[in-house]
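See structure below.
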Amino acid sequence: MMHHCSITKPTFSISISTQKLHHHSSKFLNLGFRIRCESGDVSSPLRTKAVSLSSEMEDSSSLKKSLMELEGKKSEPYPGGMPKMGPFTGRDPNVKKPAWLRQKAPQGERFQEVKESLSRLNLNTVCEEAQCPNIGECWNGGGDGVATATIMVLGDTCTRGCRFCAVKTSRNPPPPDPMEPENTAKAIASWGVDYIVITSVDRDDIPDGGSGHFAQTVKAMKRHKPDIMIECLTSDFRGDLEAVDTLVHSGLDVFAHNVETVKRLQRLVRDPRAGYEQSMSVLKHAKISKPGMITKTSIMLGLGETDEELKEAMADLRAIDVDILTLGQYLQPTPLHLTVKEYVTPEKFDFWKTYGESIGFRYVASGPLVRSSYRAGELFVKTMVKESYSKSLS
């Protein structure tokens, strides 16, 4: 069972008020500090203490003493929390990022070429918007030397506010660029890749959730490069199964939609408009709408899920015949996002890969830096697509 140690120390936010001697002077008469100590326990009252320091003081010993006094008054656990963001945000100092998650800053000639190509064609990528840790590897070409990126269509602004995601949000984002499908197709064709992942923000402000625009992008790519394999990582379209049909029959090769986390944590992790059953319905319908369609999903680990809960989610996914599962470590984009509860070891990820394939998934990509649009297993997926296509012709 996964375990999380709560923080045992309070944290403090300090606001400073100043009073000048007169408008010609740059010296301050005094500094007024208000120290806010917040407990992660919602039943515990906030404590505030004021401290005044004279302008002549040369050190912060009085302030340190006051902080120590406040700290001494707190004995209950502090599990994390940012003001106004709830008790599940903030950095947990007891959960340190391990060495296996440290990545070099992305750089290189090929990386810059991809970046400039995307900028020139006004295209968005989930690589940048979601702060993907694998951006350097993918844009530089990885092991096969072929650079690729995961294109994000329907703009760069999401109508939802999932608590794990770094993509910017708005209730009324700008309308989709009508030239985006064609520009995307041109960019991908120029890269020379034979497998591409397209994803999108959620667009609850559009009647079909953006499925029509998404489908146009797929069709444009197939026109420019008929032999390219396209994986679409989609939203849930608010559970609109007709929207799912539109995309499934657009010419894509892999239909992907992420359940993100186990059933118990859905409401904590995802926007209220998303949900476990709704995501399962979308994945199930993609298979029904087009028999033989390869389906894929992803789950983040390290959010506080238990082994039994993860096994239950994996069983539910196999019950609707999902083919591919990716498992990766949740990484907190900013202190305002959900706190990492645990850094799962590479050995445990190996265990989940073996377990997933033992219960019937055709492929499981499992590792700390694996993401739903990651290249891991790309060759295997290509083989699956070709096999599925051959069966449909026979």
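Each residue, glycine too, has its Cβ placed from N, Cα and C.
Remember, it's a predicted structure, so these values are computed and weren't measured experimentally.
Lifted from Swiss-Prot, the feature list:
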- CYS127, CYS132, CYS138, SER373: [4Fe-4S] cluster 1 binding site (BINDING)
- CYS158, CYS162, CYS165: [4Fe-4S] cluster 2 binding site (BINDING)
- 141-362: domain 'Radical SAM core' (DOMAIN)
- 1-36: transit peptide (TRANSIT)
All-chain count of other Cβ atoms within 10 Å of CYS165 ([4Fe-4S] cluster 2 binding site): 23
Shell of the [4Fe-4S] cluster 2 site beyond CYS158, CYS162, CYS165, same chain only (C-beta within 8 angstroms of their C-beta centre): ARG160, GLY161, PHE164, ALA166, VAL167, THR169, VAL201, ASP202, ASP271
Mean of the pLDDT scores, which run from 0 to 100, over the domain 'Radical SAM core' (141-362): 92
